[in-house]
Amino acid sequence: MMLETVAAVPGMVGGMLLHCKSLRRFEHSGGWIKTLLEEAENERMHLMTFMEVAKPKWYERALVFTVQGIFLNAYFLGYLLSPKFAHRMVGYLEEEAIHSYTEFLKELDKGNIDNVPAPAIAIDYWQLPPDSTLRDVVMVVRADEAHHRDVNHFASVIRSTYPKP
């Protein structure tokens, strides 16, 4: 859950900064604003889904708020300094997320974590079958993370040819 807390920040920050750049320069973003904002929304849904599963207590929610606040400001500054580095870093964070979800699946398969029914929010968002389980949710979330990894590594390559926001 903590990983998902910060995961939605980069897409929102990158999308916002590119949006402002596009407005200042009267230029099209080439679809990057939409791509990054969609990534942020997708990561938000990951968090919302796992909050349904984990049922965090008030102090865990406070920790989410704190971690997001710190990471948002740090990432914002990092993106201003080097969008290329910021996207590359997110690509590596997404690789770590894939590894974490792979380990989560192993624990589910061993029976160390209960394979509970999928939350309704996940079934609706990913259009999963009604009888889906937590394992099914983790599989689609891991696939999302692989897509985000690829997008951000690609963005780090093409962003190196563009001026800073």
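Keep in mind that glycine also has a Cβ here, set from the backbone N, Cα and C atoms.
Quick look at what TrEMBL annotates:
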BINDING   Glu4, Glu43, His46, Glu145  Fe cation 1 binding site
BINDING   Glu43, Glu94, Glu145, His148  Fe cation 2 binding site
TRANSMEM  62-81  transmembrane segment
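Around the Cβ of Glu145 (Fe cation 1 binding site), a 10 Å sphere holds 26 further Cβ atoms from the protein chains shown. The Cβ neighbour count for His148 (Fe cation 2 binding site), using a 10 Å radius over every protein chain in view, is 25. Other than Glu43, Glu94, Glu145, His148, the residues of this chain whose Cβ falls within 8 Å of the Cβ centroid of the Fe cation 2 site are, in sequence order, Ala7, Glu39, Asn42, His46, Val90, Leu93, Ala97, Asp144, Ala146, His147, Arg149, Asn152. Within 10 Å of the C-beta of Glu43 (Fe cation 1 binding site) we count 26 further C-beta atoms, all protein chains included. Take the mean position of the Cβ atoms of Glu4, Glu43, His46, Glu145, the recorded Fe cation 1 site; other residues of that chain with a Cβ within 8 Å of it are Leu3, Ala7, Ala8, Asn42, Met45, Leu47, Ala97, Val141, Asp144, His148.
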